[in-house]
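Residues or ranges marked as domain 'PurM-like N-terminal' in TrEMBL: B:32-143. What TrEMBL records for B:ASP34, B:THR48, B:ASP79 is Mg(2+) 4 binding site. Annotated Mg(2+) 3 binding site per TrEMBL: B:ASP34, B:ASP79, B:ASP214, in sequence order. Taken from TrEMBL, the feature Mg(2+) 1 binding site applies to B:THR49, B:ASP50, B:ASP127. Annotation comment: TrEMBL describes B:ASP50, B:ASP79 as Mg(2+) 2 binding site. As annotated by TrEMBL, substrate binding site applies to B:HIS57, B:GLU267. The ATP binding site annotation in TrEMBL covers B:GLY126, B:ASP127, B:ARG152, B:SER216. The Mg(2+) 5 binding site annotation in TrEMBL covers B:ASP217.
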Number of protein chains: 2
Amino acid sequence: MTETLGSTGEFGLIAAVTKGLSQSEDVLVGPGDDAAVLAVPDGRMVITTDLLVEGRHFRRDWSSAYDVGRKAAAQNLADVVAMGARPTALVVGFGGPADLPTAWALELNQGLVDECELVGASIVGGDTVQSDKIVVSVTAFGSLDGRAPVLRSGARPGDEVAYIGRLGWAEAGWTVLARGFRSPRAVVEAHRRPQPPYADGPRAALRGASSMCDVSDGLLADLGHVAEASQVVIDVHTKALTVPEPLQAVAAATGADALKFVLTGGEDHALVGTFEPADVPEGWTVIGSVAEGNEERPPGTVTVDGAPYAAETGHAHFRS
Amino acid sequence: MTETLGSTGEFGLIAAVTKGLSQSEDVLVGPGDDAAVLAVPDGRMVITTDLLVEGRHFRRDWSSAYDVGRKAAAQNLADVVAMGARPTALVVGFGGPADLPTAWALELNQGLVDECELVGASIVGGDTVQSDKIVVSVTAFGSLDGRAPVLRSGARPGDEVAYIGRLGWAEAGWTVLARGFRSPRAVVEAHRRPQPPYADGPRAALRGASSMCDVSDGLLADLGHVAEASQVVIDVHTKALTVPEPLQAVAAATGADALKFVLTGGEDHALVGTFEPADVPEGWTVIGSVAEGNEERPPGTVTVDGAPYAAETGHAHFRS
């Protein structure tokens, strides 16, 4: 008989999950008490949280449990590095139905553990509950190691806009999966497991990034947040953006606009930042510029090649 | 037309929720960026997380949105004080259906805010997503202000067991609600809004509590966690436990065992701790003793008046 959450029970699942966890020296009290205790030598803690719901953020027929774990950790760790911080730990809330195979929950956990290992973070606590649909909440923590946090509000007129990581791949993967296809494999894999450029967040902070955020809603939407918070105008230069071959293939096969994947696709968790022209770090691609607002283009505006962008700029949760 | 999450949208909801938040001086970066930044002058951060799911942890016909907010915050803040820490902040993940009135989400938020205000904690970030059933994840943080954390593993033979707060009230409330009644009002209110004795956690730590935890699963179940972690035997003396009148009334009306409410009812978030006899703080009730294990009663055992307790000792999530 397959073991399920119902037969394993809450405490059985917690025991199985925590058995395999390794804890860094920053973990003063790990899982198993009312709360964890984490050393915060910097005196400041970076905190971010995300909630993933089955059917909305992942589908069990599209992604393995392991993939869901990787992605749930990745999207939170990406938020931490987008502040210029080094991820240190996370806590996880997990809800699933009583008939879910226990193996599914353990594979999810392994995905979380393996993604954390990429950055040296520990899983320090969690909660498990019963729920009709699978729900995963992740809260991630990071250390600034003495640096100032890089906010969305620091972009200045004259800065260049640059990004590092992937743009549009996850959206292209979603597009083919939604039509019942499983290829091109590269974009399907990108949808299942984002690959945020973790090390580049703290590096950009050291290089003096004036603003930074991770691209979770889509490039134009997230630059909109930067433009709004910084009260500037941002222009994106499409000639600086290359459209990778797999995205072109998806666009050709589905009648989609390949450039739109790049401009509006979310969930790849690239990093986009603003820098003084001399400060753009190696490996980043300059794709735009920051200017002051004026009457025609008020602060908070994002333009594409100098003009407003016609289509929707990114995800809109809650709207159907 | 009633505004709903679908018409308000994710960003509209976030804007409405964050507008009313006040932030303590410990909040270096509040809601609105990729992550929040919290000052941690103690150099150690206490962290706990809980996931609440509609239908499992609350019902919209039994509890108002405001009540759910109070309870979601309370159960996490109680975990923080059970470590002997002072709650400082929390982050919230919220999922709800597109047709949920926006007012429901705002009332939930007000409940979270008001419960936090009792202890001086700030809401520093969150996430909102679409979900068929309402889901609330809360991660709470606390400062030890230089004290050692009070763990479950510190109980020593010779210690006395004492508690402060309510035992069995929420379970009695659940019992009458499950039968379609709304009274006695005191126990129904206790089910809707626990009243953890927040200030007594740090006070007990200062008085030298050797172990402590919050009673979320039920007194015997949670003492079982302490006995197991401390590798001791704990005996509960029922003559020291009073059964409050409303619990007796519910037991009489429903054929339940009133003492069982007290011994196994969870979700009141009382605090139970172990102390050297001279150290039991004012206001706490001594209800048991700690002894070494032996062959007959191995470490980890909890007895009631010297004998095993026959019925289930507390909540068992996942099992139906």
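Cβ atoms here come from the backbone N, Cα and C positions, even for glycine.
Feature map: annotations from TrEMBL on the structure.
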residue: B:THR48; record: Mg(2+) 4 binding site; DSSP (3 states): strand
residue: B:HIS57; record: substrate binding site; DSSP (3 states): coil
residue: B:ASP79; record: Mg(2+) 4 binding site; DSSP (3 states): helix
residue: B:GLY126; record: ATP binding site; DSSP (3 states): strand
residue: B:ARG152; record: ATP binding site; DSSP (3 states): helix
residue: B:SER216; record: ATP binding site; DSSP (3 states): coil
residue: B:GLU267; record: substrate binding site; DSSP (3 states): coil
Task = With an 8 Å cut-off on Cβ-Cβ distance and a minimum sequence separation of at least 6, pull the same-chain contacts of B:GLY126 (ATP binding site), or say none.
result = B:ILE14, B:VAL17, B:PRO31, B:VAL91, B:VAL92, B:GLY93, B:PHE94
Task = Please work out the mean pLDDT for the residues of the domain 'PurM-like N-terminal' (B:32-143).
result = 96
Note = Cβ under 8 Å from chain A, restricted to the binding-site residues B:GLY126, B:ASP214, B:ASP217, B:GLU267, picks out B:GLY126, B:ASP214
Request  = Among B:THR49, B:HIS57, B:ASP127, B:ASP214, B:SER216, these being the binding-site residues, pick the one whose CA is nearest to that of B:ASP34 (Mg(2+) 4 binding site).
outcome  = B:ASP127
Request  = Between the Cα atoms of B:ARG152 (ATP binding site) and B:ASP217 (Mg(2+) 5 binding site), find the distance and write it as a whole number of Å.
outcome  = 14
Remark   = Quick tally, other C-beta within 10 angstroms, B:ASP34, B:ASP50, B:GLU267; top of the binding-site residues is B:ASP34
Key: Spatial separation of B:ASP50 (Mg(2+) 1 binding site) from B:ASP214 (Mg(2+) 3 binding site) - C-alpha basis, Å   = 14
Ask   = What's the CA to CA span in angstrom from B:GLU267 (substrate binding site) over to B:SER216 (ATP binding site)?
value = 5
Request  = Can you figure out which of B:HIS57, B:ASP79, B:SER216, B:ASP217 (the binding-site residues) comes closest in space to B:THR49 (Mg(2+) 1 binding site), comparing Cα atoms?
outcome  = B:ASP79
Task = Please tell me which one of the binding-site residues listed here (B:HIS57, B:SER216, B:ASP217) sits closest to B:ASP79 (Mg(2+) 4 binding site), measuring Cα to Cα?
result = B:SER216
Note = Students should find that the Cα atoms of B:THR48 (Mg(2+) 4 binding site) and B:SER216 (ATP binding site) sit apart, in Å rounded to an integer, by 13
Key: CB contacts for B:ASP79 (Mg(2+) 4 binding site) [other CB atoms within 10 A, all chains]   = 30
Request  = Give the helix, strand or coil assignment DSSP yields for B:ASP34 (Mg(2+) 4 binding site).
outcome  = coil
Query = Cα of B:ASP127 (Mg(2+) 1 binding site) to Cα of B:HIS57 (substrate binding site): how many Å, rounded?
reply = 20
